[in-house]
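Below is one structure, written out as structure tokens; comments come after it.
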Amino acid sequence: MMPIVPCATPYAYRNKMEFSYGTKKWKSKGLFVSPKLEDVNESGPKLEFALGLHAPGRFDKIMPIHNCLLQHDVSNQVLKLVQDHGERHLEELPPYDVRTHEGFLKHLTIRSGRDCETGQLQLMVNFVTKGDKKDLLQPLVDQITTSFPQVVSIVNNVNSAVGPSSIVDKEHVLYGKAYITERLRGLVFEISANSFFQTNTSQAEVLYQKVEEQCALKGDGSEVLLDLFCGTGTIGLSMAKRVKHVYGYELVQEAVVDARRNAARNGIQNATFIQGDLNKLTDEFGKDFPRPDVVITDPNRPGMHIKLIKYLLQLRARRIVYISCNPATCARDLDLLCHTGDEGVESPTRYRLVHVQPVDMFPQTPHIECITTLELCE
């Protein structure tokens, strides 16, 4: 267990913030107290405009955020403009009500990147709406683009689901490009509205350097690297020059398209990216790539499915580097890889945990990113 790697920039480090719309503001007198009686009148619930973050423990109440210290100052100015516009146009652009499932505006996502030629700030604004009525947003789009030249992309994602689903039914580019760019470890990456990209760009440089160290690559171009949950391909592409071939798997089709485009943009020809659900493996999985020497896996908070763990035990790569933002599910999965026989995992293969490196990717929060390294027990 290594000491936690601290983050040098504890504020304004996030390149992506998602805010929620709602019809109820969280009212507080310095403490998070119960909803006030005046929220309800004789004619029923009072309609309000709210845009911010969810109050702790409440899915239906929104804390208005006017100055988020975790995102860029220009992003805060965009947020304020959108809030002011929403307050003035409540009837034309009604916020979504999670109880009645009525309304139009569901979420606002602001992403930041850099122009890779000039290094100047780039912003993407993404409006997630219940219905497909993009023309309703045009006056707001015009106001944003007139006020902020840093905004180079405005997108409308249509999401008709009544629950907290991230599945997008349709995407409209309302202004500019469908992506912004960012430079990471000497490579240029295109980031679209629904692609995963590490939210702390500067600390991602540190994280990926540590990951490469733990892969212990020979560097002679003889090895095959399998990158699971690869997102836009950032990790695998940053190591492509040291291996024979990189194979990346990712569920989100838009991210796979980005990964392929990022490989082409950086002149990388020894990388293949495949769309697939790693929680629903079939017998065909693994037939489109050779046996890897090293596996990198970077699942989301629920961790890896038991089918994927069984597959990794059959694969017998000499080293697995597991990146996790949830130590609890990471520990569960490592236990199965290192102590086979539990949870119905019967396998002669076992791994040995040799290294744990926590990295502070999320200052001001209790969350931590961990790089854990497993070696095959011969």
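Each Cβ is built from the backbone N, Cα and C atoms, and glycine gets one as well.
What you are looking at is a predicted structure, and each value in this text was computed from that prediction instead of being measured.
Sequence annotations record features per position, and here TrEMBL assigns active site, nucleophile to Cys325. Counting every protein chain shown, the Cβ of Cys325 (active site, nucleophile) has 17 other Cβ atoms within 10 Å.
Cβ-based neighbour count (10 Å, all protein chains) for Asp298 (S-adenosyl-L-methionine binding site) stands at 22. Under the heading S-adenosyl-L-methionine binding site, TrEMBL lists Gln198, Phe229, Glu250, Asp298.
The binding-site residues in question are Gln198, Glu250, and the one with the fewest Cβ neighbours inside 10 Å is Gln198.
Looking at the residues that bind S-adenosyl-L-methionine per the record, Gln198, Phe229, Glu250, Asp298, the two CA atoms farthest apart are separated by 15 Å. Comparing Gln198 (S-adenosyl-L-methionine binding site) with Cys325 (active site, nucleophile), their Cα atoms are 11 Å apart once rounded. Cys325 (active site, nucleophile) sits 13 Å from Phe229 (S-adenosyl-L-methionine binding site), counting Cα to Cα. For Phe229 (S-adenosyl-L-methionine binding site), the count of additional Cβ atoms within 10 Å of its Cβ stands at 21 [all protein chains shown].
The S-adenosyl-L-methionine site is defined by Gln198, Phe229, Glu250, Asp298, and by the 8 Å test on Cβ atoms against their centroid, the other residues of the chain that qualify are Phe196, Asp227, Leu228, Cys230, Gly231, Thr234, Ile235, Pro299, Ile323.
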